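Enquirer: Just lifted these from TrEMBL, have a look:
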- Cys235-Cys245: disulfide bond (DISULFID)
- 129-245: domain 'SRCR' (DOMAIN)
- 257-489: domain 'Peptidase S1' (DOMAIN)
- 497-517: region 'Disordered' (REGION)
- 78-102: transmembrane segment (TRANSMEM)
- 538-557: transmembrane segment (TRANSMEM)
Amino acid sequence: MAKHDPNDLPPPYYSLDLHTQPPLKPHEELVYGVGPGLTPPSHPRYIPQYPPPVVVSPVTQSSIPPSKMRRRCCHSNAQCYGGSGGTLLLLGLLALAIWLGVHYGTRLATTAILHDDYNDLDDDDDNILQIYDTCSNSTVKCDGIIDCKQGSDETNCVRFDKSNGLQVKTSQDGRFLPVCHEDWNNNYADETCAQLGLRKSYVTTKIKSQGGNVLSLTSRKSPLLQSRVKVSSSCPNQEAVSLQCVDCGRQKTTSRIIGGSAAKEGQWPWQASLHFRGSHVCGAVLISHDFVLTAAHCFPSSNSLSLSTEHWEVYVGFMSLTKLYMVKRIILNNNYNSKTNDQDVALLKLETQVTFNDNVHPACLPAFDQEFKPGTACWTTGFGTTESGSGVVSKELMEVTVDLIDTGVCNGPVVYRGAVTKHMLCAGDLDGGKDSCQGDSGGPLVCKGDSRWYLAGITSWGAGCGEKNSPGVYTKVKSVLPWIYSKMQVEDAAAVSTRSPGMPPGDEEAQDENPIVPTDTDIDLDADFVYDYFTLRVAGLAFAGIIVFLSIILLAVNSEDVVSTRLYFVNASLQRVTFSSSVGVSLPCPAGGAPHAVLRWYLAAGDDIYDVPHIRHVHANGTLQLYPFSPSAYNSIIHDNEYFCTAENQAGKIRSPSIHIKAVFREPYTVRVADERSMRGNVAVFKCLIPSAVQEYVSVVSWEKDTVSIVP
């Protein structure tokens, strides 16, 4: 691997260039599997190999979808606008245009950048957070009323100190203050943790209050804690609330990468393996039942495949892969800079909750006032390469102890020359030999404190692996805590219903369709809230003019023209499908919609489609794909289940009848030809003898000529 040139920007630990069309194309990358001059290595035993799904035509014949021509009549499942309805729509649009011109021309909030002083104890402005959101010009932070479109004005109003002391910021005082323990109970604890996207609380106790202004509970009803407290001069009995939302940072054992050794089972239970299309590309860290953290550079915006959740899976409990977790949402830090790797962090929300046990357990997020001083011995783990320049990832989870290095030393003339920002940590050995490496990106750097392990950093970048004066560089988790908590709170907002009248409906759906918002924009503003009212007035009036123009065009359209939204069945009679395949099977959804419908498959039994033993499911673009987890399963699996598919759009939702799918996975059979033949003119006709035991599952018969010539 090339040596680091101090004049170059730091290269990230981009992980692997996979035979499965990976998302990563870095300037220092590894070839995993195949490549010039490389012998394909055996896969690590924790990575299952999936055969590529192959579409096999079902036995049944699908009918042609309904015509897309305009229709004069409106069916019961369609929303149609035409005839006199066009006149009403025109009047409505004109009224809307007038309202927009007046309202938006004089008062509207644009995208605001909120500078959130989450850690008001830092003099170096280390934890200033830029939040990009659309807010009204009357926005008040932490008042319990959602003014911004994404609710960012009510995020980062709750935090914990290193004693798990609960602190809340309110609009009354504007500072983080401790909460009095009087009248506090488990219901308050559960609701506070749910507000942060962490579901129920783990444990809540009381601690000694330090004096000064505090917050006491009121009888006000609200799902947000900041609106249920008021400023008081002191707590009764000087008792404040201590709250821990997640049981975290505990190992199964207490015994104790480059220069590292293989970890023991349960040693680092928060380590996760992030898979792209079936192969490990990055590490990740489990932090709760629903969320894992990893590096943002694992999802390069230059490759659209890397930004689609359907290609990603998360494995936890590295010694056994009894359960994988599909990714529901990929959230990239909007402050991430791909050129400097500053704030290199991403949050993944999982489709289903992770079950904790001895081998699967989250790491603790650090407190806002928790310090990890230079010289502290910490640990980093990963499945990456164990030799600099190697193209093969480790078959075992590797661990190595590294010392934290002062940022000033890392930015010195012989190390990284100022490339390490205040949002980064340096750790390793300046003499070389111990380091994280390619494939470890997104993995944890954990440090122990008070018998628990805290996530101090996320593996990000470095020059080479284990080289002299080239320690590993990690995203400082304490620095990005406000972003982490704000995104978990927004993503889990369904657990806390907090919509205000000013928040337009449908935001959840918009986030579902646009889950990833990467940006390399660097914005640095001094004001807490920034609005460009002149631009807003112009934009509001311009938008009103566009509405008027479109209304005139609509009036010119023939009144018989109809814009319809509908749902239909492509093949409503499909009831049973039988497959026989040596690779995998695929079945399109028998329902559809226009102009677009969301198609999804379900097990008729009501179970999770991902919990069917031995069978891996993928349903993308309305197509159900089935194939075994392991090639060794072929010739032994007969999958027999009932499924149904749904189609949903603005017209409503329809469900297909239950379809009995029987899929037999086996290698191709070689069968002999009957000795007899019949003649049809000058053509000899032979019969293929198929054993009766497999005749039911044979859907394709192919002929190959033997090397022995056939004598007439």
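Each residue, glycine too, has its Cβ placed from N, Cα and C.
Set these features in their place in the structure for me.
Expert: Taking a C-beta cut-off of under 8 angstroms and a sequence separation of 6 or more, Cys235 (disulfide bond) has the following same-chain neighbours: Pro178, Cys180, His181, Glu182, Ser209, Val214, Ser216.
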Enquirer: Using DSSP, how many residues of the domain 'SRCR' (129-245) fall into helix, strand and coil, respectively?
Expert: 19 helix, 41 strand, 57 coil
Enquirer: What is the total of other Cβ atoms whose distance to the Cβ of Cys245 (disulfide bond) is within 10 Å?
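Expert: The Cβ of Cys245 (disulfide bond) has 24 Cβ neighbours within 10 Å.
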